[in-house]
Amino acid sequence: MRTYQSLNSIRQAALEAQSQPKISNTIAGEPEIKLASAHPPDPEVRKRNLFRQREFKFSHSLLVLLLLFFVFLHGVGLFLFTRGFLLTRLVLREKSSCDVSPLGSGVDWKGGDIAKGCWHPKTFNRAVVIVIDALRYDFTVPFGSKEDDNSTDVRQFHNAFTAPHAIASKHPRNAILLPFIADPPTTTLQRLKGLTTGTLPTFIDAGSNFAGQVIDEDNLISQLKAVGKRTAFMGDDTWMALFPGLFEADMEYPYESLNVWDLHTVDDGVSEHIFPLLHPENVSRWDVLIGHYLGVDHAGHRYGPDHFAMREKLVQMNGVIERLVGSVDDDTLLVVMGDHGMDPKGDHGGESQGELEAALWMYSKKPVFGEFPQGLDPNGGDYSGPQGARSVAQIDLVPTLSLLLGLPIPFNNLGAPIVEAFYGKGGVPGWKNLVDVSHLTAAQIKRYQAEYSGKNGQEVEGIEGINSIWDTAYQKLSNIQELGGEARTADWQSIFTEFSNYQSETLRACRRVWARFDLVSMAAGVTVLVGGVAIVAVYARAFIGDYTELTDTLLTRMAKGLGVGAILSVVDGVISGVEQFRILSIGGLLGLSPLRMLLLTGSLGTMIGFFSATYYARRRLASLLPNSGWGVLCLVFALTHSLIFGSNSFTIWEDKILTFSLATFGFVALLSSQKLDTAKRALGTYHSIVFLLLVRLASISRLCREEQMPFCESTFYSSASSSVSAPRTLVILFVMALGLPSIIGSYYRHTNSYTGPAPVYIGFGFRLGLLLSALYWALDSADNGNWIPDLPEGVLKPLKTTVGQIVIAMGLLAGNLAYAYSSVCVDVRLEDPLANQPTTTPDDDSEDVAPPPQSSNLHGSRYFMLLISWSLALILLQKPMGGASMGLLLWQILSLLELLHTLSLSDSAIGPVMLGILGNSHFFSTGHQATLSAIQWESAFIPLSTIIYPWSPMLVIANSIGPQLLTALAVPLVALWKAPPTGTETLGKTAKAVTTHMLYHSVITLSAVACAGHLRRHLMLYRIFSPRFMLSGVVLLAVDAVVLLVAMWGTRVSFLSVGELFGC
């Protein structure tokens, strides 16, 4: 009678079987092993098996250590390059003071009085500053086709936020509405820094959107505190991280800001606290009120701008503004602004027009504003609003608010006063006031520029010409003052223009200064990355024979090289500390910090150690050049992908190029299959066609980037102006949940492996997890679309979060545990060997092991269960269309593995490289692009209801590069799929496969890094090349981590379970 045994029973049966003289193996349709159990195991057999097990564990551990050295080189190279490429500007700690004039000595100055105004007579005693996150300028402008219900141009956001434009049009002396141009990157944290300090961000700041650091440079909030003003705050808790201790403790009400699923909590909280403070009985408690609403931004992220939820939020904000207008008094300035805009999908972070164009509205009950005077350049030559309309930079708000409220302008400010706020009724008084404020602003900028150059040790490029503009303006002003301050309108206008030109030219110069690079550090990083590519290439493709035999020698030499390099770095550091010998310090000459010098010399020592070991084993080296047609094709694919980063046009169409490479591989595989015998030809043809069809299906899902328009049509969401998935994608998820496990099962059945734990693991567990994942997104769509209007709000959210947590637990917790302790996919039958088998003589010295079943896939079917577990979590973390793409990827991996086996390519580089291309291609088909605005931040809240570190950032990373993680996890299957269980070189072939995959990604990263460095002055650097280099670096390190921590662990578990069963 047939009995299915647990893992321990199977292993014990295998050991007992090995003690018998002879073992029978019968094959009847599927793997079945007859194991004898009548006698206790032979101690010699057990001893031999334990020795083999220890030998494998030792070889595996050495391999992991070797891979760790490769990862070390990748990390060091990226660190050194990044430290030179993504520079942060020098932050000055100097503060402007109320009683210290920026004009210098010898100038008649009547400021220094806090009550009247520090540097300039104040216009308002109080201010209410409202930030409506992601308030795009076109949200505030009336749409002309309101009555045309059939117009295809009508959007949900049109004519929903009408109060600012209506009031500004009707009362131009009381209100102004302007496009408010942000400096990229358009993330909230960086915009708040610019809105309060008046400084420009650097690109590296975009990566710190999850957690802000304290702003330790001069800013509006600290100036309010310094002059004794009381500031109340409510809304986005990012402000609390940036300005701790600067708000009144009894009037601060922060709310969590990153939960993009929550549209109402923050907004309702701000309104709940702000209006009581505006009551006449409470206005004496505060001087400045700051409220930061988040609902519009969250509606954009969750639904996109063209959704009824966005309209509801804009209507709500319109009501808030109307209520604020009625609540403020004559002595209070009301400022309403967006910190940035949003793209057509509702995302932000980049520099498209929609992301840069926020709105600024300023209102006063007393008529203090003026129209922009004729004769001036409305945008100062720098900024352009819609159709060339008058616009202002966001940093211009800093000197404007400072002077209107009687504050000193923050020391690091580079903005200019907003003309309309100081021009008043115009004429000579208006121009004179403009000259006064522009003179103060320019003088402070000049003071900052001088201090910055002194601290930085370098003069600003073109400073002579900039200073000549200052001299001209100053001389004109001095001439008028010598005449008693009387002058014509044209004279005042000329002086104002000169001071404005000084500010704008200094701003341009600072942009150039902060685009400087540390070329030495960049070159050091590229050098280490080149060395890393060379080392991995030699190890992966040049060595012949069993790789595990070389690991010990390589590790020893590399460790010694690392140690020698570290010692030399310490010696160099000691030399640099001695004044007499400092000139001999290499680190000092190169301008590298001790840490960078240590990493550089350690890396160089590691590389030298590797190549010394390579020379020692030179007889086992072969040419790195491909020796087959598949090798040439593999090289062409890798070089084509790497070289596209030298062109912005090719980079933006990377998704199409990768799809073409995949289709080319499938077509070549189809042609190659025709050369095989009949059985293999049919199999190869079938899998080639399946692979090509899957490539085509995956390419249907796409999210276009702005630069691809109008030659690309997005299909990832329900429309180009939405972040909501189409309902049909839910049907796809449920169909995939029912069909994909059966498809995987068919591949298992083909190798007689759909037995043992496989039916439960795949047919039940995986299918249940996929159904729950589809259920999650169905609940999410029901919540987004209000499918059940009678259901109370807030019921579906905790329910779907619980479902998400169950799926994550099934995939990453239960799945990994089940993988670690499950048996191989084979049936075992115990029987008495004496009843059916003849015995051998005691002198028979053949090995007593259970022969593996014929046509089996023990290693492959065992390891693939790890992919199934991880894919379950990764599919959930993708949006519905992305989840379907991940399902196709899993199918493509199986099809690719069958092709590699059929065409005898398991030892070729084409398998690991095609997995790399598959991962990068599905990065695009899962709704991503190499842009900041394409990051799906909301994925952090799929299994969580709030931000939790470090899990929230890890969830976003898993969502962003899930396809690359899955293909990296699949790489060992290139060597393990249908590999013989008793093969002695299988571990070495696995090492060859995983290092080839690492080589592919390191080549791509090296190319992206080198091109970004070479094109560092390109107009599209921060829009195209920098994001792509950053993506490559993240993918390389993540792939390294998955290979090192997960894939190698999975390989170890698979080898040990198969080895223990068969004594091999």
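Heads up, the Cβ atoms here are built off N, Cα and C, so glycines get one too.
Listed features, source TrEMBL:
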type: REGION; residues: 835-856; note: region 'Disordered'
type: TRANSMEM; residues: 62-86; note: transmembrane segment
type: TRANSMEM; residues: 519-540; note: transmembrane segment
type: TRANSMEM; residues: 561-578; note: transmembrane segment
type: TRANSMEM; residues: 598-617; note: transmembrane segment
type: TRANSMEM; residues: 624-645; note: transmembrane segment
type: TRANSMEM; residues: 657-673; note: transmembrane segment
type: TRANSMEM; residues: 685-703; note: transmembrane segment
type: TRANSMEM; residues: 729-748; note: transmembrane segment
type: TRANSMEM; residues: 760-779; note: transmembrane segment
type: TRANSMEM; residues: 956-977; note: transmembrane segment
type: TRANSMEM; residues: 997-1017; note: transmembrane segment
type: TRANSMEM; residues: 1029-1049; note: transmembrane segment
The transmembrane segment (519-540) and the transmembrane segment (997-1017) contact flag, 3+ Cβ pairs under 8 angstroms: yes
Chain residues in Cβ proximity to the transmembrane segment (997-1017) (below 8 Å; excluding those fewer than six residues from its ends, i.e. six or more beyond): 67, 70, 74, 77-78, 81, 85, 515, 517, 522, 525-526, 529-530, 532-533, 536-537, 540-541, 638, 641-643, 645-646, 912-913, 915-916, 920, 964, 967-968, 971, 1025-1026, 1028-1029, 1031-1033, 1035-1036, 1039-1040, 1043
Contact between the transmembrane segment (598-617) and the transmembrane segment (62-86) (3 or more Cβ pairs under 8 Å, separation 6+): yes
Intrachain residues whose Cβ lies under 8 Å of the transmembrane segment (956-977), provided they are six or more past its termini: 857, 859-860, 863-864, 866-867, 870-871, 873-874, 877-878, 882, 885-886, 889-890, 893, 897-898, 900-901, 906-907, 911-912, 915-916, 918-923, 925-926, 928, 935-937, 939-940, 986, 989-990, 992-994, 997, 1001, 1031, 1034-1035, 1038-1039, 1042-1043, 1046-1047, 1050-1051, 1054
Folded-back contacts onto the transmembrane segment (760-779), same chain, C-beta under 8 angstroms, at least six residues removed: 725, 729-730, 733-734, 736-738, 740-742, 744-745, 748, 754, 796, 799-800, 803-804, 806-807, 810-811, 814-815, 818, 822, 865, 868, 872, 875-876, 879-880, 883, 887, 942
Residue numbers, six or more beyond the limits of the transmembrane segment (657-673), whose CB comes under 8 Å of its CB atoms: 633, 637, 640-641, 644, 650, 680-681, 683-685, 687-689, 691-692, 695-696, 698-699, 899, 902-903, 910, 914, 917-918, 920-921, 924
